[in-house]
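Accompanying notes for the structure given below.
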Amino acid sequence: MPSTLAKSLDMIWTVIIFIIVPIVYTALLFIEEIEINLWVTVFFISTVFVTSLWNVFNDVNNEHFGFQLSKMVLSIYVTLFAFAALYQRAGLMHYGEISHEPIDALYFSIVTWTTLGYGDFHPVESLRLLAAFQALLGTLFIPLLIAALLFSVQEKAREKIRASHRK
């Protein structure tokens, strides 16, 4: 019974984190009337990252590894859109003027995530630390994604070697 409950709770959590949260933050980027709480957003972003990384490294022998990797890619999507929604609300400096355009916010979020930093947009003073946090996430997450892929390939190769030695 507890394993059934645990599986049900895991499924509910997966739906919330990987379906509802992306839909909500995509909508929030384009619906300006709704307020966004900074700390709730940071909590969801952190939760999405921890959950996706945990799933990939924990379920490496699982047949559904492709699904786990797709959750990691989805977590990148959530991060880009959640940060973009925050930047859009607060505004971005663009040649001395503040822009609240969703496309500018998404562009800035992608440029910050990749740590490319063209310099044409920059966050208003109140979001500078948040932009630095996003850049750190981008710097850490891509190598972790590559490590997860390599770890998976290595584990699959070990399984094949073990299986061939048993025969």
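Using the three backbone atoms N, Cα and C, a Cβ is placed for every residue, glycine included.
Annotated features in TrEMBL:
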{"type": "TRANSMEM", "residues": "12-31", "note": "transmembrane segment"}
{"type": "TRANSMEM", "residues": "38-57", "note": "transmembrane segment"}
{"type": "TRANSMEM", "residues": "69-90", "note": "transmembrane segment"}
{"type": "DOMAIN", "residues": "78-149", "note": "domain 'Potassium channel'"}
{"type": "TRANSMEM", "residues": "131-153", "note": "transmembrane segment"}
Summarise the domain 'Potassium channel' (78-149) by DSSP state, stating how many residues are helix, strand and coil. 50 helix, 8 strand, 14 coil
Within the same chain, where does the transmembrane segment (12-31) have neighbours whose Cβ lies under 8 angstroms from its own Cβ atoms, ignoring anything closer than 6 residues to its ends? I mean 6 or more beyond. 41, 44, 47-48, 51, 71, 74-75, 77-78, 81-82, 84-85, 88, 102, 105-106
Long-range Cβ contacts under 8 Å made by the transmembrane segment (69-90), restricted to residues 6 or more beyond its ends, are 14, 18, 21-22, 25-26, 28-29, 32, 35-36, 38, 41, 44-45, 48-49, 51-53, 55-56, 100-102, 104-106, 108-110, 112-113, 123-124, 126-127, 130-131, 134, 137-138, 141, 145, 148-149, 152
